[in-house]
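Okay, structure first, notes after.
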Amino acid sequence: MPKSGSEHQWRPTPQQPGFLNAYLRSGKNNRPRMGLPFLSAPWLPHYARTSSPRARNVMPSTMVQAEPSVQEVNLSTRDRGQYQDEYEVKWDEDDAENPHMMTPKRKWTIVILVSSMTLCVCVTSSLYTTTYNQIMVEFDCSRTVATLGLSFYIAGLGWGPMVLSPLSEFYGRRPIYLVSLPLFVIFLVPCAAAHNIQTMLVARLLDGLAGAAFTSVAGATVGDMYSKSTLHTPMLVYTASPFTGASLGPVLGGLINSWASWRWSFYFLLIWSSLQSILVMIFVPETYHPVLLRNRARKLRQETGDERWRAPIEKLDRSVLKTVLRSLYRPFMLLLLEPMCLNLCILSAIALGVQYLFFGAFGVVYGNAYNFELWQTGLAFLGLLVGMVLAVVIDPLCCKIYPCFSREPDGQDENGDREPESRLPPAVIGAPLLTIGLFWFGWTATPSVHWIVPIIGSAIFGAGMIFVFQGVFTFFVDAYPLYAASALGANSFTRSTFAAAFPLFGVAMYHKLGDQWATSLLAFLSLAMAPFP
C-alpha cells in the first residue's frame with residue numbers, strides 16, 4: 001500500500017491481495033488490511049478510495065447516507081494539503097456556530113425532539129395493525145390485503161433513506177425536515193378519510209416515504225452534534241426510539257380501537273404528528289457542518305466581495321444524480337461481496353421481521369390461549385416495550401464488561417485504534433437473547449401457564465433486539481469508516497424488506513403450524529444466525 005501522502009493516487013496492482021485472501025489472512029482481527037476492492041475502483045472519487053489509518057478513525061455524521069460525509073473528506077484530505085489555503089472556510093477552535101459547541105441542554109433537547117418524532121413515525125407503522133378487523137368489514141377486503149397497509153408503510157420507511165440521505169448531504173438536514181414533516185402530516189389525512197382500501201394503501205406508502213427522514217436523517221442530526229467519544233448515549237436513545245415506537249403502537253391502538261372507530265387512530269396520529277412537527281421545525285436547527293460552512297462562505301463573499309472564500313463542500317465535484325445513484329448500488333455491492341455485512345444484516349433483519357410478525361401473531365396466540373380481547377392483546381406488547389427500555393437503562397452497566405470480549409485491553413490494537421470487533425459484544429449478548437425469548441414465548445403461551453410468563457419471554461426478545469442493533473450499527477460505523485453509510489443503508493434495506501414481508505405470512509403460519517411450532521421456527525432462524533456476531 002502507498003504511503004499516506006500518495007493515497008489518492010493508489011490503483012490496484014498485481015501485488016494487492018485478493019478479497020478472499022485478505023479475509024483468510026491470519027491476524028489479530030482476522031479482517032482485511034486493505035481497501036475493499038469493489039469500493040476502490042477507478043470510477044469512484046479519490047477520497048472514496050483511501051484506506052488510511054486516519055480515515056479509519058473518522059466517525060461518519062449520519063446513520064444512513066449515500067457516500068462519505070464531507071467531514072470525513074476534509075479530515076482525510078486536509079493533512080495532504082490538497083484543499084488547504086487561506087481562503088478555506090472552516091471552524092475556529094471555539095466557534096459558537098459549530099454544532100459541537102452547543103450547550104448540553106440544547107443538544108439533548110434536539111436529541112429528544114428528533115427521537116420522539118422518530119417514535120411517532122414508528123408508532124404510525126404498528127398502530128395500524130389494530131384497525132384490521134374494522135377495515136376488513138368496512139372495505140370488504142381480506143386480512144392479507146389489509147396487512148399490505150403495514151407492508152407498504154415499512155417499505156417506504158426502508159427505501160426512502162436511499163434518496164433522502166444523499167439529498168441531505170447537498171442541502172442539509174433542516175430542508176429535508178421542512179419538506180418531509182408537512183408531507184407526513186398531509187398523507188395521514190387520506191388515511192383517516194379513506195373510503196376504500198386502495199386509497200389507504202397508496203396513502204400508507206407515501207406516508208412511509210415521507211416519514212423515512214426520521215429513520216435516516218435524524219440519526220445524522222444526532223451525529224453532527226457529538227464527537228465520537230461522547231456519541232454513544234445520545235445515539236443509543238435515538239436508536240431505541242424506532243423499536244420502542246413500533247412496540248408502543250399496538251398498546252395505543254388497542255385502547256383506541258376497542259371503544260372507537262378505526263378513523264380515530266389516524267385522528268390521534270394527526271394531532272400528535274402535527275404538534276411534534278411544529279416543535280421540530282421551531283427548535284431543531286441545521287447541524288450539518290459542510291452546509292453551515294458553505295453558508296458562512298457565501299456570507300463572507302457577500303460581505304467582502306471576494307469570491308475566493310470557499311467552503312470544503314464547494315470544492316468537491318459532485319452532482320445530486322451521481323450521488324443518489326451511488327447510494328442505490330453501493331449497499332447491494334456490500335451485501336454481495338462482504339460476508340460479515342450480509343450475515344449481520346440478516347440477523348438484524350430477522351429480529352425486526354419477527355417484531356412486525358408479532359403484530360398479527362399476538363392476536364392469534366393470546367386469543368387462542370387466553371381469550372384476550374383487542375385492548376388486552378395491545379397491552380401484551382408492553383412486555384416487548386419494557387424489555388427494550390430495560391436494555392437501554394442497563395447499557396451503561398454492560399459497557400463495563402464489554403472490554404472483556406476484546407483481544408486487546410480496552411478494545412484497542414497495537415496502534416491505539418479501537419477494533420471494530422470491540423463494538424460487537426452487545427450483539428454477542430443480544431443474539432442468544434432473541435432465541436431464548438422466542439422459545440420462552442412459544443412454549444409457555446398455553447392455557448395452563450399464566451399469561452405473564454409468555455410476556456416475560458417477549459421482554460427478553462425485546463432486550464435482545466436493542467443489544468443486537470446497538471452492536472451491529474456501531475460495528476458498521478467502525479468496520480467500514482468511509483462506507484458506514486452504505487453498510488447501514490444495506491442494513492436498512494434488508495431490515496425493511498423482512499419487516500414488510502413477515503406480516504404477510506405470519507398469521508397463516510401460526511394457523512398452519514400452531515403457536516408453539518410457528519414460534520419455534522422463528523427461534524431456529526435466529527439461532528442459526530446467533531454465532532455470527
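Using N, Cα and C of the backbone, Cβ positions are placed for all residues, glycine too.
According to TrEMBL, the feature transmembrane segment maps to 108-128 (among others).
What TrEMBL lists as domain 'Major facilitator superfamily (MFS) profile' is 110-533.
The transmembrane segment annotation in TrEMBL covers 148-164 (among others). Proximity of distant same-chain residues to the transmembrane segment (148-164), defined by a Cβ-Cβ separation under 8 Å and at least 6 residues beyond the stretch ends, is recorded for 64, 66, 121-122, 124-126, 128-129, 135, 176, 180, 197, 200-201, 204-213, 215-217, 324, 327-328, 331, 356, 359, 489, 492-493, 495-497, 499-501, 503-504.
The list of residues near the transmembrane segment (176-195) in space but at least 6 beyond its ends in sequence, with Cβ under 8 angstroms from a Cβ of it, reads 117, 121, 124, 164, 167-168, 202-204, 206-207, 210-214, 217, 263, 266-267, 269-270, 273-274, 277, 280-281, 284. Taken from TrEMBL, the feature transmembrane segment applies to 176-195 (among others).
Long-range contacts of the transmembrane segment (235-260) within the same chain, counting only residues at least 6 positions beyond its ends with a Cβ under 8 Å from a Cβ of the stretch, are 111-112, 114-116, 118-131, 133-134, 215, 218-219, 222-223, 226, 268, 352, 355-356, 359, 362, 373-379, 381-382, 384-385, 388-389, 391-392, 395, 462, 465-466, 469-470, 473. Look at TrEMBL and you will find 235-260 (among others) tagged as transmembrane segment.
Annotation source TrEMBL lists transmembrane segment at 266-284 (among others). Beyond its flanks by at least six residues, the transmembrane segment (266-284) meets 109-110, 113-114, 116-117, 120, 123-124, 127, 174, 177-178, 181-182, 184-185, 188-189, 191-192, 221, 252, 256 of its own chain at Cβ-Cβ distances under 8 Å.
Per TrEMBL, the feature transmembrane segment maps to 332-359 (among others). Taking Cβ pairs closer than 8 Å, the transmembrane segment (332-359) reaches residues 19, 23, 31, 36-39, 126, 129, 150, 154, 243, 246-247, 249-250, 381, 384, 427, 431, 434, 438, 458, 461, 464-465, 468-469, 472, 475-476, 479-480, 483, 486-487, 490-491, 494-503, 506, 522, 525-526, 529-530, 532-533 in its own chain, all 6 or more past its ends.
Beyond the transmembrane segment (379-403), the same-chain residues lying 6 or more positions past its ends with a Cβ under 8 Å from any Cβ of the stretch are 232-233, 236-237, 240, 243-244, 247-251, 254, 355, 358, 362, 366, 372, 409-411, 422, 425-426, 429-430, 437, 451, 454-467, 470. Positions annotated as transmembrane segment by TrEMBL: 379-403 (among others).
As annotated by TrEMBL, transmembrane segment applies to 424-443 (among others). For the transmembrane segment (424-443), the residues of the chain that approach it from at least six positions outside its boundaries are 344, 347, 350-351, 354, 387, 391, 395, 398, 401-402, 405-406, 453-454, 456-472, 474-475, 515-520, 522-523, 526-527, 529-533, judged by C-beta separation under 8 angstroms.
Below 8 angstroms of C-beta separation, residues 63, 232, 235-236, 239-240, 243, 247, 341, 344-345, 347-348, 351-352, 354-355, 358, 365-366, 369-370, 372, 380-388, 390-392, 395, 398, 420-421, 423-434, 436-442, 484, 487-488, 491, 533 of the same chain, each at least six residues beyond the ends of the transmembrane segment (449-476), sit close to that stretch. Residues annotated as transmembrane segment in TrEMBL: 449-476 (among others).
Taken from TrEMBL, the feature transmembrane segment applies to 488-510 (among others). Under 8 Å from some Cβ of the transmembrane segment (488-510) lie the Cβ atoms of residues 63-66, 129, 143-144, 147-148, 150-152, 154-155, 157-159, 161-162, 165, 215-216, 327, 330-332, 334-335, 341, 344-346, 348-350, 352-361, 363-365, 472-473, 476-477, 518, 521, all in the same chain and six or more residues away from its ends.
Summed and averaged per residue, pLDDT over the domain 'Major facilitator superfamily (MFS) profile' (110-533) gives 87.
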